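**Student:** TrEMBL feature annotations, pasted as is:
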MOTIF     243-250  motif 'Cysteine switch'
BINDING   Cys245  Zn(2+) 2 binding site
BINDING   Asp311, Gly345, Asp347  Ca(2+) 2 binding site
BINDING   Asp328, Gly329, Leu333, Asp351, Glu354  Ca(2+) 3 binding site
DOMAIN    371-419  domain 'Fibronectin type-II'
DISULFID  Cys376-Cys402  disulfide bond
DISULFID  Cys390-Cys417  disulfide bond
DOMAIN    429-477  domain 'Fibronectin type-II'
DISULFID  Cys434-Cys460  disulfide bond
DISULFID  Cys448-Cys475  disulfide bond
DOMAIN    487-535  domain 'Fibronectin type-II'
DISULFID  Cys492-Cys518  disulfide bond
DISULFID  Cys506-Cys533  disulfide bond
DISULFID  Cys614-Cys805  disulfide bond
BINDING   Asp621, Asp666, Asp763  Ca(2+) 4 binding site
MOD_RES   Tyr697  phosphotyrosine
BINDING   Ala716, Val765  Ca(2+) 5 binding site
Amino acid sequence: MPQNTAQPEGSLQSYGIPFGLALRRLSLRCPRDDKKKALESTIPEKLQNGISEKRMSQKATLENQKVAKSLAKLDLGIFSLASFLKLETAHLDVLNIQRNCWSKQKGKRCWELRCADKQLVHFAAKVTERQWGKAFSKEESTSLGRMKTHIGRGFVFKVLFIQVYLFNKTLAAPSPIIKFPGDSTPKTDKELAVQYLNKYYGCPKDNCNLFVLKDTLKKMQKFFGLPETGDLDQNTIETMKKPRCGNPDVANYNFFARKPKWEKNHITYRIIGYTPDLDPETVDDAFARAFQVWSDVTPLRFNRINDGEADIMINFGRWEHGDGYPFDGKDGLLAHAFAPGPGIGGDSHFDDDELWTLGEGQVVRVKYGNADGEYCKFPFWFNGKEYNSCTDAGRSDGFLWCSTTKDFDADGKYGFCPHESLFTMGGNGDGQPCKFPFKFQGQSYDQCTTEGRTDGYRWCGTTEDYDRDKKYGFCPETAMSTVGGNSEGAPCVFPFIFLGNKYESCTSAGRSDGKLWCASTSSYDDDRKWGFCPDQGYSLFLVAAHEFGHAMGLEHSEDPGALMAPIYTYTKNFRLSQDDIKGIQELYEVSPDVGPGPGPGPGPTLGPVTPELCKHEIVFDGVAQIRGEIFFFKDRFMWRTINPRGKPTGPLLVATFWPDLPEKIDAVYEAPQDEKAVFFSGNEYWVYSASNLDRGYPKKLSSLGLPPDVQRVDAAFNWGRNKRTYIFAGDRYWKYNEEKKKMELASPKFIADSWNGVPDNLDAVLGLGDSGYTYFFKDQYYLQMEDKSLKIVKIGKISSDWLGC
């Protein structure tokens with residue numbers, strides 16, 4: 001049955017009570033103690049306990065409302081303060097709560113919280129007036145003068161700077177950045193580093209001072225192949241922010257202390273709980289395949305049991321989930337596992353605040369229809385329109401459905417998407433659908449709820465009276481269920497209102513991190529309920545295979561190509577690396593099923609090896625300068641450097657920086673006009689803005705203007721001399737105009753006719769901005785061409801001149 005827990009008393013925020021909006025004739029002094037009693041007597045009794053002693057006097061009424069005629073003006077003032085005063089998120093939240101209160105009360109008085117907050121709002125109004133070109137009245141000038149006695153001089157100078165600056169700005173202003181309820185507060189780089197190094201590298205939390213921090217930071221940088229500077233540079237911070245396993249890091253494929261291992265080859269496991277993100281059959285299959293990764297190369301055999309105590313107990317949880325090692329909400333820490341042993345040994349836990357998929361977006365398994373048990377195919381076409389999620393289009397009953405092929409119009413294959421009106425999961429309701437409305441503790445509910453539970457899972461009664469029948473089930477996630485936030489997986493509601501604006505789809509408005517979110521009610525302003533929109537999610541299979549490696553006794557690996565590397569990277573065509581195989585076979589020997597080697601008995605199992613720059617003769621797939629750094633690409637790995645003559649950092653996984661790329665690229669260049677990275681592989685190309693794939697990609701090479709017979713390209717670069725992009729394939733090249741987005745008419749031409757001494761079938765071409773030189777890479781050598789004369793001035797070896805070998 002659902003857990004029965006007492007609910008917290010409402011806070012001021014839950015009552016929607018912000019601080020007072022004093023826009024014009026506002027007393028700028030904080031209230032005296034002798035006014036507190038009179039103030040409290042005017043406040044509803046049930047709110048008195050939550051009111052600050054610094055509450056402003058109620059005499060500050062809205063006598064003059066001219067400044068508040070337009071909420072857009074107030075939004076602009078809030079945004080100005082956010083941008084130029086660099087206010088804390090708590091202050092921004094207060095400002096926006098007040099703005100919402102002002103909107104809903106339509107000019108009526110709003111409760112006040114703090115004198116300092118009142119002053120911020122007053123400044124917002126002043127800045128807004130300046131934006132609209134209004135002059136201060138004599139009374140306002142006097143009021144501003146009084147404010148100077150209560151606010152630091154530097155603060156006033158900043159605001160005066162804002163007023164001058166905003167004179168020259170347009171009236172359009174982006175959405176203000178706010179603090180969303182239930183969202184984690186962003187950490188400073190120092191706070192992030194201390195927490196990270198304490199958790200994964202043993203830097204003592206209470207004594208992680210500058211010297212200890214620097215030394216520990218070097219260990220972390222060495223582990224990830226970063227320059228060992230001991231400084232919190234951008235690459236180090238980026239690495240710390242990547243999603244990862246919650247177990248600590250150690251070198252190479254070493255094991256836990258004392259090298260624990262199972263002293264038997266037959267291991268049992270039990271799945272205690274499921275995630276609502278996937279249907280149980282998909283979860284079962286993901287875990288079974290994850291165990292098979294290790295049984296394929298060892299004598300270990302894994303058997304699932306449904307009752308009792310297993311060697312490995314598997315469960316999903318949120319935050320503190322009973323083992324003393326809490327999760328941290330969406331992203332960040334994904335899962336953790338314990339070393340082999342009795343009790344909690346071997347147990348593996350997965351953070352259910354993540355979106356669990358198979359790595360390529362939500363997995364939606366349909367029910368009923370004419371494709372029962374198959375998966376939605378997104379996007380799909382219906383009546384000539386493209387759909388990227390389940391829809392109720394074409395139905396009058398409101399049930400969500402999807403096509404299980406790319407074109408419903410042609411194939412007619414469909415099924416219904418998971419929904420509580422069709423079925424429930426778990427509980428004791430035998431999969432029966434929710435019965436709305438249902439009674440719980442005397443209250444009536446017409447939708448799934450988290451009431452009575454401390455774990456945040458949505459549930460419903462499967463009969464009309466839970467209090468009487470005690471029958472319930474958990475609500476399945478829909479195709480637009482939210483992730484994280486404070487909506488506990490409730491679906492997005494479109495349209496919704498946010499800061500007075502209507503949104504028909506997911507948005508990043510109000511956020512500084514660019515993440516897409518939605519409201520789970522029709523008005524965020526009224527209800528403040530929200531969550532992140534579904535993304536690609538995390539592959540349950542890959543994360544589980546990693547965690548089960550820990551459950552076998554393996555620790556983290558420094559090899560970025562290893563499954564046991566700590567940072568999550570999605571790999572479509574997964575193969576266990578040689579580093580992983582070597583580590584697990586040190587513990588459990590070779591699987592008896594592995595075929596014989598050249599000598600007597602079974603030979604070692606071989607997996608892909610991560611290349612080392614100075615040990616292997618590497619022929620690069622692509623070389624490019626992107627955002628000022630030089631990148632070298634080989635298969636799914638890359639190396640990066642700012643200094644062309646220094647040793648590059650790496651190897652690193654390409655997918656950690658540019659997800660969605662195939663495991664091998666053919667060419668890459670940066671279009672300097674819009675700073676987009678363009679990758680080629682096979683007969684397609686991908687365009688990225690930073691690490692985000694542009695919408696509509698990948699596209700076919702033919703869309704660039706290349707002929708159909710060109711099924712792959714060898715190299716590409718943008719020439720600084722004329723800002724044109726040159727694309728090479730075989731013995732020909734094409735010239736592309738980035739500004740006009742079209743191929744030039746004179747293309748193609750033979751390489752030998754225009755680039756004297758440059759070979760056909762190139763591996764890569766690198767143009768270094770305005771350096772005056774272009775570099776052509778072929779096998780282990782490169783050719784340096786002077787741009788002005790088009791002459792080859794040097795032929796050198798890549799390893800010594802570019803890789804520091």
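Even glycines carry a Cβ here, placed using N, Cα and C.
Looking at the shown structure, what environment does each listed feature sit in?
**Tutor:** Sequence-distant contacts of the motif 'Cysteine switch' (243-250) (same chain, six or more residues past either end, CB-CB distance under 8 Å): 199-202, 220, 223, 325, 327, 331-337, 538, 543, 546-547, 550, 555-556, 566-568.
Cys245 (Zn(2+) 2 binding site) falls within neither a helix nor a strand when secondary structure is assigned with DSSP, and so counts as coil.
Listed in sequence order, Pro260, Asp311, Phe338, Ala339 are the same-chain residues six or more apart from Gly345 (Ca(2+) 2 binding site) with CB atoms under 8 A from its CB.
Just so you know, the Cβ of Gly329 (Ca(2+) 3 binding site) picks up 17 other Cβ atoms within 10 Å once every protein chain is counted.
The DSSP breakdown of the domain 'Fibronectin type-II' (371-419), given as helix, strand and coil counts, is 4 helix, 15 strand, 30 coil.
Every protein chain shown contributes to the tally, and the Cβ of Cys376 (disulfide bond) ends up with 25 other Cβ atoms within 10 Å.
When Cβ atoms from all protein chains are considered, those within 10 Å of Cys460 (disulfide bond) total 29, not counting its own.
When Cβ atoms from all protein chains are considered, those within 10 Å of Cys475 (disulfide bond) total 29, not counting its own.
For Cys506 (disulfide bond), the same-chain residues 6+ apart in sequence whose C-beta sits under 8 angstroms from its C-beta are Cys492, Leu516, Trp517, Cys518, Cys533.
Its own atom aside, the Cβ of Cys614 (disulfide bond) has 12 Cβ atoms within 10 angstroms in the protein chains shown. In the three-state DSSP scheme, Cys614 (disulfide bond) is classed as coil.
Neighbours of Asp621 (Ca(2+) 4 binding site), defined as other CB atoms within 10 A of its CB across all chains, total 24.
Tyr697 (phosphotyrosine) carries neither a helix nor a strand DSSP state and counts as coil.
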**Student:** Here are the recorded positions: Leu333, Cys417, Cys492, Val765. Which has the lowest count of other Cβ atoms within 10 Å?
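**Tutor:** Each of the recorded positions Leu333, Cys417, Cys492, Val765 was scored; lowest Cβ tally within 10 Å is Leu333.
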**Student:** Pick out which of the binding-site residues Cys245, Ala716 has the most other Cβ atoms within 10 Å of its own Cβ.
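**Tutor:** The most densely surrounded of these binding-site residues is Ala716.
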**Student:** Can you give me the Cα-Cα distance between Ala716 (Ca(2+) 5 binding site) and Cys460 (disulfide bond) in Å, rounded to a whole number?
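**Tutor:** Answer for this pair: 57 Å between alpha carbons.
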**Student:** Under 8 Å Cβ-Cβ from Asp347 (Ca(2+) 2 binding site), six or more apart in the same chain: what's there?
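**Tutor:** Correct list: Ile312, Met313, Ile314, Asn315, Asp323, Ala337, Phe338, Ala551.
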**Student:** Which one is it: of the disulfide-bonded residues Cys390, Cys402, Cys434, Cys448, Cys805, which Cβ has the fewest other Cβ atoms within 10 Å in this structure?
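**Tutor:** Comparing Cβ neighbour counts within 10 Å for the disulfide-bonded residues Cys390, Cys402, Cys434, Cys448, Cys805 gives Cys805.
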**Student:** I need the CA-to-CA distance for Val765 (Ca(2+) 5 binding site) versus Asp666 (Ca(2+) 4 binding site), whole Å please.
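**Tutor:** Here the two Cα atoms are 11 Å apart.
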**Student:** State the mean pLDDT for the domain 'Fibronectin type-II' (487-535).
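**Tutor:** A mean pLDDT of 85 is what the predicted model shows over the domain 'Fibronectin type-II' (487-535).
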